[in-house]
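Here is what Swiss-Prot records for this protein:
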- Gly8, Arg9, Ala10, Gly11, Ser12, Gly13, Lys14, Ser15: ATP binding site (BINDING)
- Cys805, Cys1129, Cys1132, Cys1138: [4Fe-4S] cluster binding site (BINDING)
- 1-343: domain 'UvrD-like helicase ATP-binding' (DOMAIN)
- 281-587: domain 'UvrD-like helicase C-terminal' (DOMAIN)
Amino acid sequence: MSLRFVIGRAGSGKSTLCLHEVQEELKQRPRGETILYLVPEQMTFQTQQALIGSEDVRGSIRAQVFSFSRLAWKVLQEVGGASRLHIDEAGVHMLLRKIVESRKDGLSVFQKAAEQNGFFEHLGSMIAEFKRYNVTPSNVYEMWQQLDAHSSSAEQKLLANKVYDLQLLYDDFERALIGKYLDSEDYLQLLVENLPQSEYVKGAEVYIDGFHSFSPQELEIVRQLMICGARVTITLTIDEKTLAQPVNELDLFYETTLTYEKIKQVAREEKIEIEKTIPLMEQPRFHSPALAHLEMHYEARPNEKFHGEASVTIHTAANLRAEVEGVAREIRRLVAEENYRYRDIAVLLRNGESYYDVMRTLFTDYNIPHFIDEKRPMSHHPLVECIRSALEIISGNWRYDAVFRCVKTELLYPLDVRKETMREEMDEFENYCLAYGVQGKRWTSEDPWMYRRYRSLDDTNGMITDSEREMEEKINRLRDVVRTPVIRMQKRLKRAGTVMQMCEAVYLFLEELDVPKKLEALRIRAEESGDFLFATDHEQVWEEVMSLLDTFVEMLGEEKMSLSMFTDVMSTGLEALQFANIPPSLDQVLIANIDRSRLSNVKATFVIGVNEGVIPAAPMDEGMLSDEERDVLSAAGIELAPTTRQTLLEEQFVMYQMVTRATEKLYISCPLADEEGKTLLASSFIKKIKRMFPNVKDTFITNDVNDLSRSEQISYVATPEVTLSYVMQQLQTWKRYGFEGNLDFWWDVYNFYVTSDEWKQKSSRVLSSLFYRNRAQKLSTAVSRDLYGDKIKGSVSRMELFNRCAYAHFAQHGLSLRERDIFKLDAPDIGELFHAALKRIADRLLRENRTWADLSIKECEHLSTVVIEEIAPLLQRQILLSSNRHFYLKQKLQQIIFRTSIILREHAKSSGFVPVDLEVPFGMGGTGSLPPMEFSLPNGVKMEVVGRIDRVDKAEDENGTFLRIIDYKSSSKSLDLTEVYYGLALQMLTYLDVVTSNAQTWMKKGHAASPAGVLYFHIHNPIVEVKGDASEAEIEKEILKKFKMKGLVLGDADVVRLMDNKLSTGSSDIISAGLKKDGSFSARSSIASEQEFNVLQKYVHHTFKNIGKDITEGVIDIAPYKKGNKAACTFCNFKSVCQFDESLEDNQFRTLKDMKDSEAMEKIREEVGGE
């Protein structure tokens, strides 16, 4: 029994020496004592290849490469102890979830923390750490007693409570495992216990290579190997000079030196002979003097400079994608020009979550075979999502999001349907569920679902059309596709008495859906498209899910469990599932994490993402215990994993390992921005490299090739997939700025695409975008007639929409596009309710021959309650009755109608104007409808403007009859003559024109009428600020002022006094007008003369004719208006359709100049002056 160390700096040949010794021994004695070659898990494959890679050794039974866990498996198979069921990470998380749920009431700190994402991953890691460091539940309990007895501060009590929770959960976990199960950490403890009984290990020659430190558990294994084996050889990366001086925690080799001393101490304790250490001083790894210099002087202070040609290259990239593309281009160059194999190249990185997806995509585009040494989670696979969402449907009472997450996995679809058709139908079905607010009991009820198009509150027609009946049948058919398998599982889960029966319900759910056949179809499709990685995913995921169910049954099969806990435990297990890595092929670029990689025999290393906070790593205090808490436990004798401070001290060694892997070339790169465009800083490590290598190449990488030389641009010509975007970039430059002499070879590349049989069709769409202009071509007369008909019939809002943006008008009224209907209460719905409520009250007053002025406060409250109760069942598929939240909203709306009724009562008492009618239709046909506003357009097309007027008021005096328009609005609004001029606010003046033009035939007395004005009434329930001692009357007066109607009124003092009979001088509280003492109007009054009203009405006619002419002539320009801070695009539903983009030459706003009312009026006069 002896111990031997082989030490040396990185690249000194430690592994090579050991491998050569083993190979020579196998060559001399193929059938001797066992040779164990122990390496970290991630080194096993490459070490196995290296061991049998020589000409003399093509295979071996005597020598085997193991990790500690694989050695444990081997020994336990020999001596026994492997019969207990293994539970993987997913099983551990599921068991912990169950333990926490059952212990929840007794936990001090983790009761609420258990609901946070990642809690069970952290808890599992903490327990694994306890085991690796030989900390038992009783050790943790003793620690809690000690902490509890001496806790005085809040921080000490928190730690004591945390340790108490941990010992409870750890003890429960161990009790659940004992005699039945083994987790990954238990194998190593069993290995320690069983090594003395192993004949396979007894007398073995043991090599331990590639480790820098050992956990206490691993150190015990080393102890037993020294006792049982003939000789143990351990390699450590240490400079011999370090051993000759006192150890310092700032030394580069501090960690490995401590490991060296610990192992020697173990050997002394066991009286193991310690052979003379073999120091290796040469640097056989490095074929480059620069890399040899970097290794030899890495830790030197000040930095030792290398003045020769550096085989180190630094790349600074504009962004992460440009960085990865730069790496891909250089890899292709090395393979094409310097005869590298892909296996000679490795890419090292730390923040893989930011890079892996981009690297998979780009390396595939560049045809670079690659292997990412990182397991991917299964959580996004359709099968995992199907199970998780189906369980959420049942436990969460059939919520919309869970249902359609399950639907979108497409595993609920019948096996024999065409997926494309089913997707379209399910999209329609989802629209229905959104529009009708389908959830909860409606899914499980046997009552068929009804389909009716919602039109308006006035639509009381109960007849169903053929198209509605057809849609209703389709919806009920699709409902059954979705709900039937889930309801079957729901019933089984409710009947289930044990976890085993619940797992069986999940299994039967999958079997009845033909999931194995569907996954097989997905696998075949992936193979046919050449995506072999995803093809194997579909095989793995089924096996892992079945294994998870088996584990669940094995661990908890006979226990009873609530449905919610079963769902939580199952979800925890599913989240832990990971895809196993496919072993790398013989010729692939290896992409690995800096902290976990153990590379060898690579000629070129690319270290990417070298940004501040990443390399070296910024301190991160994460996990169950903080650094301070770990220090407290350490002081009390419980050794755990290194703290953040210790990890930071080890970071220099990690970086040293990182830059000493390659034999010939080292590339270091960093992006200056992430995928979202956020600025990133280069690491201080790059500055260090620049100081060591003054001649280092520092290249800036960008995806914009315009500023590069011709030779540099040629490197961007890679695969056809990648190069196409650069061709486009260059041709766009040529198009904008002309030929600059640097583009000639890009024309050759362009010619390849347009002449290649394979790429001609593939590239045509991309290349055609070179001449793309986001401009809507004018419709032909024939198309325009097909869309709009021979007679245009539209509302004033439609005409205003055309003037806001002709393309939006085309999308809405030509193509009939609309947003999908969602079961929610929007502003238009509330506006509709307000209008209907006030009309119902007014109609009741008319039937009773009363006016608003006759109402008492109590009657206002009663009527507002009555009408809201009448309307609520009719609005938006009974949305106000659908939930407690909407019921509360209904009460708030009733209060607004109540307040509005009180104000209308006050207005009626102060006004000579009385309502003639509400919701007055014109051009709508039927009884009581006024005629439309009609126009004959120059091209012969007839146009009718139709609509519905909120309220028409009338007043009479000795000067005649006056009519005014009141428009109810749920937000504050006034009449802006600038917007009238631009055709954006035509509604009120149109209404006034309609009623005054038809007054003689419409009103009972048959008199002509003059315009009195147009006013907006803001329906709301305002909050007012008053002094603390304000009386009720003063408060009501302030509220009344908040309802002052804005708009434009006739500049006649008598008419204004008819609107507010309390007005003598000063400003009116009812309308936007005021009188001076001399009887003239104040400057702030919004008034117009009768002649000006006539001009405005003529201008409205003029504007409608122009709009009609443009519509019928096919004008659909993408030309939204912009006026100040208002723009047509702000609330437009069609932005995704028109793709308006200000950066494009053709896409610019029509900027409308703001004007004073007097200026606008003058321009309006000029427009209609000739009419």
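Quick reminder: no glycine exception, Cβ is built from N, Cα and C everywhere.
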*Tell me, by DSSP, whether Ala10 (ATP binding site) is helix, strand or coil?*
coil
*Where does the mean pLDDT land for the domain 'UvrD-like helicase ATP-binding' (1-343)?*
89
*Chain-mates of Cys805, Cys1129, Cys1132, Cys1138 with C-beta within 8 Å of site centroid, [4Fe-4S] cluster*: Arg804, Tyr807, Ala808, Ile1118, Pro1120, Ala1128, Phe1134, Lys1135, Phe1140
_C-alpha spacing of Cys1138 ([4Fe-4S] cluster binding site) relative to Gly8 (ATP binding site), in angstrom_ = 67
*Which whole-number value in Å describes the distance between the Cα atoms of Arg9 (ATP binding site) and Cys1138 ([4Fe-4S] cluster binding site)?*
64
*Whole-number Å value for how far Cys1132 ([4Fe-4S] cluster binding site) lies from Ser12 (ATP binding site) (Cα to Cα)*: 68
_When distances run from the Cα of Cys1138 ([4Fe-4S] cluster binding site) to each of the binding-site residues Gly11, Gly13, Lys14, Ser15, the nearest one_ = Gly11
_Densest Cβ neighbourhood among Ala10, Cys805, Cys1132, Cys1138 (binding-site residues), 10 Å radius_ = Cys805
*How many Å lie between the Cα of Ser15 (ATP binding site) and the Cα of Cys805 ([4Fe-4S] cluster binding site)?*
73
_Distance from Gly13 (ATP binding site) back to Cys1129 ([4Fe-4S] cluster binding site), taken between C-alpha atoms, in Å_ = 68
*Give the number of CB atoms, excluding that of Cys1129 ([4Fe-4S] cluster binding site) itself, located within 10 Å of its CB.*
17
*Where Cys1132 ([4Fe-4S] cluster binding site) falls in three-state DSSP terms*: coil
*For Gly13 (ATP binding site), what residues in its own chain, 6 or more apart in sequence, show a Cβ-Cβ distance under 8 Å?*
Leu280, Glu282, Pro284, Arg285
